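Novice: Can you keep this structure in mind? I'll have questions shortly.
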């Protein structure tokens, strides 16, 4: 059980709909004025831990923490004792004596919850096998910029997003939960055998009941109709390269190409968390075309994560 006296961001539904909107509003402010916020009067040191390699996560957190006047202490799994005898509970207790926050990109979601049992500083999920909630905040910021610049996060309600490809991965899970939190209708369009696990569908639908959103899982490409946002991800997620499963043939009909985009709304935008493989999950004509917002999306990792850290540090209990 996580420490009830600390607010963490381990999953998309750790923020209420109102809290998510606060983070997105702050992210927009920090994008306009990168030095607008300093969350602490004293020192700000953040442990940034990597069990999985990264480009965007590493650079965006390092730069963002520096913008906030802090210092990132970056440690990979090969240069610490984590997972080599010392319990994660002990590690969480010890790191909390040194830093003001912990950011961790790891494998099992349980790693985060184990550390959160004893950590007395906020922990941020920078990606697990189950979820990638920081990416969803960046995506939502990008959608607000393009589809609701005047209304802000409130204008996301009723917008429709569709995700095509591998529905049984961390991105699909977080899209369902995070977008439902924002009040967006979200459809996962994936072949049989590659659809989301029911536990994540249920979590997303529970949140959708609060916000009036819908969560749809289907293998039918007709579901693209009416989409304001079209999304995909790599067909072979990190760590699945040698699992013996054919991760190409089943997904070929679900490539996001010009024909798929033509089914969506005329002004629909395209998102991809990157890295992308042109000619596989997305055609070059789409990702390099006028609907693509993938580089704005990547930039917004910086702003959304800064906003999240500020919000967590300013909204701890007590």
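Cβ atoms here come from the backbone N, Cα and C positions, even for glycine.
Marked as carbamoyl phosphate binding site by Swiss-Prot: 54, 55, 56, 57, 81, 105, 132, 133, 134, 135, 273, 274, 301. Sequence annotations record features per position, and here Swiss-Prot assigns L-ornithine binding site to 170, 233, 237, 238 based on sequence analysis.
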Novice: Which binding-site residues are spatial neighbours of residue 233 (L-ornithine binding site) here, meaning Cα within 10 Å, out of 56, 132, 273?
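Specialist: For residue 233 (L-ornithine binding site), the binding-site residues whose Cα atoms are within 10 Å come to 273.
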Novice: Counting distance between Cα atoms, which of the binding-site residues 54, 56, 273, 301 is nearest residue 170 (L-ornithine binding site)?
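Specialist: The answer is 273.
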Novice: How many whole Å apart are the CA atoms of residue 56 (carbamoyl phosphate binding site) and residue 237 (L-ornithine binding site)?
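Specialist: Counting only the Cα atoms, the answer is 16 Å.
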